[in-house]
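Report on the structure given below.
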Amino acid sequence: MHSMAKAWSLLLPLIILVFGAFVEGSHGSKLSQNYYKSTCPQVLSIVKAKTESTLKKKPRMGASLLRLHFHDCFVNGCDGSILLDDDSTFIGEKTALANNNSARGFELIDDIKAQVEKTCPGVVSCADILAIAARDSTVVLGGPSWKVKLGRRDSINASRADANKFIPAPSFTLSALESNFHAQGLSLKDLVALSGAHTIGLARCTTFRAHIYNDSNIDPSFAKSLQHKCPRTGKDNIHRRLDLRTPITFDNFYFRNLLKKKGLLRSDQELFNGKSADSLVKKYAADSSKFFKQFTKSMIKMSNIKPLTGNSGQIRINCRKAEVAAAIKNETRIGASLLRLHFHDCFVNGCDGSVLLDDNSTFIGEKTAVPNNNSARGFNVVDNIKARLEKACPGVVSCADILAIAARDSVVRLGGPSWKVRLGRRDSTSASISAANASIPPPTSNLSALISSFSAQGLSIKNLVALSGSHTIGLARCTSFRSHIYNDSNIDPSFANSLRRICPRSGNDSVLAPLDRQTPTCFDNLYYKNLLDKKGLLHSDQEIFNGSSLTDDLVKKYAADSSLLFKEFAKSMIKMGNIKPLTGNAGEIRINCRKAN
């Protein structure tokens, strides 16, 4: 059992390194103080040691780490999204108004992550590191401690727009602050207590300029002292202490300052301005122990905002980039290839990894079958994952399971739905070219043949139409659509003509065309919309919308509602992934996915 547990904890980072991962965690879906007890017990000491040593030299970094965690959690949950650099698929949160030229501590998180990776590769999320570092920073600077619940996973994207929308601005009124915190499931008591984090750290002139020049609820002498440093224009990046008296000590002086109308930000002073929060400010100003007690409760609560757990997200190897995006960015087409490999594997004697086997002296495998020859791709991706797994957990994880996970992760990365992949398949010891030719439906299949082919696998017409939606991504060779564009009448004439220019009646066999011309690298429902316009690339595609009462209505439904498609696609993939798997003592766990042991 130990080797199996280790295998699943290490399977995740290995897949991440190649194209990303969303593998189901071995700990379930709830956060726990002991989440890393068996997989990385050293993580708490590693984070603590690095945080303490850094804060001794740079005490201001404590406020920066606490703020990073806060800003992370307020934008789609505590998922480490704030740590991601921009890439070709999104503009991240680092340049949002609340973070640009302001958020700090990324290098320290990088250093901690690097040390953790050396000790426990691919186990601890960046989101969890951030949560631990925030707690440790508070303690080092004199504040309270709390038990950090762990088990968060990392997001694969970030959103500057969401950061601008959800992180409360320093200009907020109390009403706006309450509304903002309420949207995160946090109460007025949480709002006031968490604002006490402003007992440490600095703020830029741009964040408090309006308060010191325009507001009346500020001590005049305090305002004037700040106006000397922060003029009405210019000196935007001048910094002042959020707590003028003890800026590197976590205490309750922040609240005492508010009683004297010496809150640096408008949003600070709004907490003590004759409204509903006044009594809490007075309570915390009078008794630091009550503040500390509530602060810990509120931090635990905030740290539990919509965490990614279980099957969601990934464990990043590098906190600055989602490896899913990086790999498919290198070759977006590989996502469709991996999905297709899983499909072709399952349709030939079940989901047993047989499609991955090279020919040997006892059989001719499936790679040279008509549907796969010079067409099936992604074998090297699976090889790379398997090789890394074998170094970490030899003989534990099957090639068939790797393929099933890779297919799901590819769909998710390209914008499609996720689903929980059932695991425990074993690998076949043989493969069959004849079985592949007989069982994988060719692109020339009519609807009757498609229904028969899917029915033989225990799949319904609904499964057929939903799974055909995988043709919303990927490419097809001229040989697979030539007969459709020259011989069929159920194709848009202009669409056919455009394809004939690249795919003549003879020659150019390997020329590729997108299965979905509009969004070939995005998993969406445009495939079905294309069918409504008679722009299905393959004969078999257009057959599912060709006047049949059996499938036409389903095509219309999926064309009209992508969420319905995603729901049915996920169900159908789970069902297909369970076609005649080898389990128990059947088959084997291959060491090399290309050959039987």
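Glycine is no exception: its Cβ is also placed from the backbone N, Cα and C atoms.
Taken from TrEMBL, the feature signal peptide applies to 1-28.
Positions annotated as domain 'Plant heme peroxidase family profile' by TrEMBL: 30-323 (among others).
What TrEMBL lists as active site, proton acceptor is His71. Annotation for His71 (active site, proton acceptor): same-chain Cβ neighbours under 8 Å, separated by at least 6 residues, are Ile82, Glu93, Ala98, Asn99, Ala103, Ala163, Ile167.
Cβ contacts within 10 Å of Pro168 (substrate binding site), excluding its own Cβ and spanning all protein chains shown: 19. Taken residue by residue with DSSP, Pro168 (substrate binding site) is part of neither helix nor strand, so it is coil. Per TrEMBL, the feature substrate binding site maps to Pro168.
In the three-state DSSP scheme, His198 (heme b binding site) falls into the helix class. Feature annotation from TrEMBL assigns heme b binding site to His198.
Secondary structure at Thr246 (Ca(2+) 2 binding site), taken from DSSP and collapsed to helix, strand or coil, is coil. Feature annotation from TrEMBL assigns Ca(2+) 2 binding site to Thr199, Asp243, Thr246, Asp251.
For 321-597 (among others), the entry in TrEMBL reads domain 'Plant heme peroxidase family profile'.
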For Pro168 (substrate binding site) and His198 (heme b binding site), what Cα-Cα distance in Å is obtained after rounding to a whole number?
14
Highest CB neighbour count within 10 A among the binding-site residues Thr199, Thr246?
Thr199
Specify the secondary structure state of Asp251 (Ca(2+) 2 binding site) as given by DSSP, simplified to three classes.
coil
Near Ca(2+) 2: residues not in Thr199, Asp243, Thr246, Asp251 with Cβ within 8 Å of the site Cβ centroid are Ile200, Arg245, Pro247, Thr249, Phe250, Asn252, Phe253, Tyr254
Inter-residue Cα distance where the pair is His198 (heme b binding site) and Asp243 (Ca(2+) 2 binding site), in Å:
7
Distance from His198 (heme b binding site) back to Asp251 (Ca(2+) 2 binding site), taken between C-alpha atoms, in Å
10
Please report the Cα separation of His198 (heme b binding site) and Thr246 (Ca(2+) 2 binding site) in Å, rounded to an integer.
11
